[in-house]
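**Q** Summarising the annotation, Swiss-Prot assigns domain 'TGS' to 1-61. Residues or ranges marked as region 'Catalytic' by Swiss-Prot: 242-533. Swiss-Prot lists Cys333, His384, His510 with the feature Zn(2+) binding site, giving sequence analysis as the kind of evidence.
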Amino acid sequence: MPIITLPDGTKKEFSGSITIADIASDIGPGLASAAIAGKVNQDLVDISIPIDYDAEIKIITAKDKEGVEIIRHSFAHLIGHAVKQLYPDAKMAIGPIIEDGFYYDISYSKTFTPEDLARIEERIKDLIKLNYDVVVEIVSRDKALNTFKDRNEPYKVEIINNIPEGETIKLYKHQEYIDMCRGPHVPNTKHLNSFKLMRVSGAYWRGDSDNEMLQRIYGTAWANKKDLKAYINRLEEAEKRDHRKIGKKMDLFHTQEEAPGMVFWHPNGWSIYQVLEKYIRDVLNNNYYQEVKTPQAVDRSLWEKSGHWDKFKDDMFTTTSENREYAIKPMNCPCHIQIFNQGLKSYRDLPIRLAEFGSCHRNEPSGALHGLMRVRNFVQDDAHIFCTEAQVQSEVSNFIDLVFEVYKSFGFNEIIIKLSTRPKKRVGSEFIWDKSEKALSEALNSKGLDWSYLPGEGAFYGPKIEFSLKDCLNRVWQCGTIQVDFSMPSRLEAKYIDEKGEKKEPVMLHRAILGSFERFIGILIENYAGNFPVWLAPVQIIVMGITDRNSSCCESLTTKLINKGYRVKLDLRNEKIGFKIREHTLNRIPYLLIIGDKEEKEGKIAVRTREGNDMGSISLEEFLVILNKSISLKGRFD
């Protein structure tokens, strides 16, 4: 007789085998109607799976995060059901969930059009209205194989052929349509009501460009229509904030086919880049980092010694000269060890913090490239700290402070922290991993920070802390990281002399705050919608005259401001002042300075902001107080 323990600690004893559906019904009709799956001893199961043993149970509904994911997965199967009804010759591949949605990869002789997408969506709605039961059946591998052979589904057959013999497989039956999945799925289509098909794109089978190009139908699904509407609104706002559109409108940068994944920075965009670089350089200097510069191309032998060649050679750009093969560096760490290795180091010299604005190249797939967010050439705010084991925790603790200081300067106050622990494939002893993970966790705990584990997601050479920003649309961007590395110093023979006069390998901490300048600027463009804080704005001030008579005074003011180090432009076009104000407001310039006969006579300037605030006529000295305060705040809006 199974004894079931509920989340509140209540225990219920049942006379025989039961299901999640039975337990939900025993608790009450409301829960029975809302239940879509269950969690049995932390494992998600369908509500119809029998339980004949003692277990801790949680009923999953659409209010749970897992419930929404199950709903999305079930919608992927509904795509399959609808497509097979409308296009019987289509062959179904895979249909997993992704962030905020799901997709299904399909092989079909004709290209799906927007009209086809609308037709599929309508058929899904018709199927939902039928309120049919989704039936799960656990079958042998051979039965599953024969099922999909009979249904002429070659991709399903290929998947099953890669499953070991003797394994069982779950089949999910949507009336006449059958799919396979680990599950769980909703028990009835009545739980599926808030969705939208988003788009169709191409995708290679198994992500391999040597395989067939399939058609991928993307969709999103939510627990209710309110959440769906909120998501669509966020997408529309994100579309307006697309850094590629704003970048073009503000003349910040462009990319082109002749240099895929490489950024052409325009003067306005390069201005932002330079301000960002100067700020980070000042922060590093204030925290006792030493800036270095290492070569772009390094002989293959160094990458083989470091271990990067075996793991990343397909992602490297290479070149040959005089019968030697070089890799354009994809990261900076092996080169920083070469600098550390020049000259004998003592424990008294540690920690040594080497920083570089390192230009790196990685051969990302062309289909993955996306404006500034995913590029092939990028600059990291990279640094490596060489320290003793005893110094690891304090160095990590100091870096955490640094990360929060920098992010706050851009207005990011909500930081998500995760500690990635040892993966299955790793180097180093369990003792070293225990010590490394403990040092990172204690550094986080000493700050009183909320954080969570990412089990098994550490690098092969050591655990890491990841810092992610949440932007104004509640999107999460992983940017900063600090990683403990006991492996590379050993591989590349880094040594220092310890207190006993013996040679010892330093611990190496890999760390970055922004991640890459390109991606971080892309994040800033979208977060600010191009309305950069004054300290970052490409043009901080525009000076305009009302008539030609005011040109000389405008030129003099512009020169004064430029000489004081501000970024200023002069507009003496023969246009109406209202037209110029509107144009420069749309161009997101923070301060608009206007000089007419009255201002010139009184020795004042009329000041307007891009938000439309008319600050009246004030002296230059008064304006500079306002301007300097705005700049000093950086992006700290709190």
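Using the three backbone atoms N, Cα and C, a Cβ is placed for every residue, glycine included.
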**Q** Same chain only, sequence gap of 6 or more: which residues have a CB within under 8 Å of the CB of His510 (Zn(2+) binding site)?
**A** Cys333, Asp382, His384, Lys464, Thr481, Ile482, Gln483, Asp485
**Q** Average pLDDT across the domain 'TGS' (1-61)?
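**A** Reported value for the domain 'TGS' (1-61) is a mean pLDDT of 91.
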**Q** What three-state class does DSSP give Cys333 (Zn(2+) binding site)?
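**A** Helix, per DSSP.
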**Q** List the residues in the vicinity of the Zn(2+) site, defined as same-chain residues other than Cys333, His384, His510 with C-beta within 8 angstroms of the site's C-beta centre.
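**A** These residues sit around the Zn(2+) site: Met331, Asn332, His336, Asp382, Ala383, Gln483, Asp485, Met488, Met508, Leu509, Arg511.
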**Q** Using all protein chains shown, find which of the binding-site residues Cys333, His384 scores highest when you count other CB atoms within 10 A of its CB.
**A** His384
